[in-house]
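Participant: Quick one: the structure is below, questions incoming.
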Amino acid sequence: MGNHIEAGVAGELANLAKPATAATAAASATPPTSATSAAQQHAPPTGASALGFIKNNLREYGMLFSLVLIMGFFQLMTDGTLMEPLNITNLLLQNSYVVIMALGMLMVIVAGHIDLSVGSVVGFVGALAAVLIVNYNLNYIAAGVLCLAVGGLIGAAQGYFVAYAKIPSFIVTLAGMLVFKGLTLALLQGQSVGPFPDGFQHLSSGFIPELFSGGDLRLTSLLLGVVAAVALAYVKLRARARLVGSGMSDEPLAFFLVRNVLLAAAIVYFSYLLASYKGMPNVLIVMALLIMAYTFIANRTVIGRRVYAVGGNEKASRLSGIKTERVSFATFVNMGVLAALAGLIFAARLNTATPKAGTGFELDVIAACFIGGASASGGVGKVMGAVIGAFVMGVMNNGMSIMGIGIDYQQVIKGLVLLAAVFVDVYHKNK
């Protein structure tokens, strides 16, 4: 709003500086009505520069630029290995469960809480799936549905203690982390259980079927990428038209066009890379659907707005009639279901359930959210920011591994990146 008002004032000063005719003098003598004042305040700044817009929206675009720079750096340092089709596919498979859990963790953090148990829940659900499918020969679809329900119950139990018993989420989920680590060991009896049926493995390691014959190039995956790019551009154009029509857009048209052309080109390019290997992984489709769903929930639904309201000011939200306990409870249930889904995907990728599965996952997921712009104090964060943060962590892990950097130094570097991300958040907030 401040930018719009300043632009309106600048326009008025420019008009006063011009030689006034009789008509303009008469017009200037006419006191502005409330309608014209409102229109002037809400009118988009016509002279806004792309650089100024980026500066004002540094939180939103900063990490995207950082991801591009990190990818460029590792592309050079690995002699082009990072962007090879095989490595891009592995990068998606390796980080799919982190991205999925980051969507749920973002909602938890935005609501003003934290969940330290997600890594242990991943391991526990994977162990439960292995026992049901391998030991008891339960159909893998039925076992998967049951595991998702168990994840929801785990989230509900922890959400109850946080939302209604008023126990800090840090304590509740720390206890959950220990409990589910122990239950995982008990289920597996200290041993790995596997392998899984081929149908279950396809959840993580499978690829979408080919409908067209294109030789070495998977045309179905490429066409799907092109369709996705066109659909995204159409949605963005519709959204901008709606914002411009209501006078709520301050994004320069040139920046909007360049941004979306580059985004569409990136989607098509990565689709081409995937099509050059085995096509689009099934888990990429799962991720894309979840990202779209949670973007819609966060931006366009009542429950999404309430999550942000509760995280921004819980007391004011309660006084305005929002049932804050119910909102917090729902975020933990949601987190439990997504952690269970990630557990199934991770177990399917390994083709076995191990007692160590999920160890340290909570750190990568939480770091992804904070690197992506979520605020440690709640109320701030975007879905795409969490996704970008997850891929920042993934690209760093992958790139450093290709370069042969030891796991000890990798942990140090990731810790410093996380600290820098939170420092930037605190700096902008204090500023």
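Note that Cβ sites are derived from N, Cα and C of the backbone, with glycine treated the same way.
Quick paste from TrEMBL:
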TRANSMEM  61-78  transmembrane segment
TRANSMEM  90-109  transmembrane segment
TRANSMEM  116-134  transmembrane segment
TRANSMEM  140-163  transmembrane segment
TRANSMEM  170-188  transmembrane segment
TRANSMEM  217-235  transmembrane segment
TRANSMEM  256-274  transmembrane segment
TRANSMEM  280-297  transmembrane segment
TRANSMEM  327-350  transmembrane segment
TRANSMEM  365-392  transmembrane segment
Participant: For the transmembrane segment (217-235) and the transmembrane segment (280-297), check the count of CB pairs under 8 Å (sequence separation 6 or more) and say whether it reaches 3 or more.
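Facilitator: The transmembrane segment (280-297) and the transmembrane segment (217-235): touching, yes.
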Participant: Under 8 Å, at least 3 Cβ pairs, sequence separation 6 or more: does that hold for the transmembrane segment (61-78) versus the transmembrane segment (140-163)?
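Facilitator: In this chain the transmembrane segment (61-78) does not contact the transmembrane segment (140-163) - fewer than 3 Cβ pairs sit under 8 Å.
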Participant: Output the single range from 90-109, 170-188, 280-297 maximising the number of Cβ pairs under 8 Å to the transmembrane segment (327-350).
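Facilitator: The stretch with the most close Cβ contacts to the transmembrane segment (327-350) is 90-109.
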Participant: Which one, 90-109, 116-134, 140-163, 280-297, 365-392, has the most C-beta pairs under 8 Å toward the transmembrane segment (170-188)?
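Facilitator: It is 116-134 that shares the most Cβ pairs under 8 Å with the transmembrane segment (170-188).
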Participant: Run the contact check on the transmembrane segment (280-297) against the transmembrane segment (140-163): 3 or more C-beta pairs under 8 Å, excluding pairs closer than 6 in sequence.
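Facilitator: Contact criterion not met.
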Participant: Please tell me whether the transmembrane segment (90-109) and the transmembrane segment (140-163) touch - that is, whether there are at least 3 C-beta pairs under 8 Å between them, with each pair 6 or more apart in sequence.
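Facilitator: As far as Cβ distances go (cut-off 8 Å, pairs 6 or more apart), the transmembrane segment (90-109) and the transmembrane segment (140-163) do not touch.
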Participant: In the same chain, which residue numbers or ranges, 6 or more beyond the ends of the transmembrane segment (365-392), come under 8 angstroms Cβ to Cβ?
Facilitator: 59-60, 62-64, 66-67, 70, 95, 98-99, 101-103, 105-106, 109-114, 116, 118-119, 291, 294-295, 298, 308-313, 414, 417-418, 421-422, 425, 429
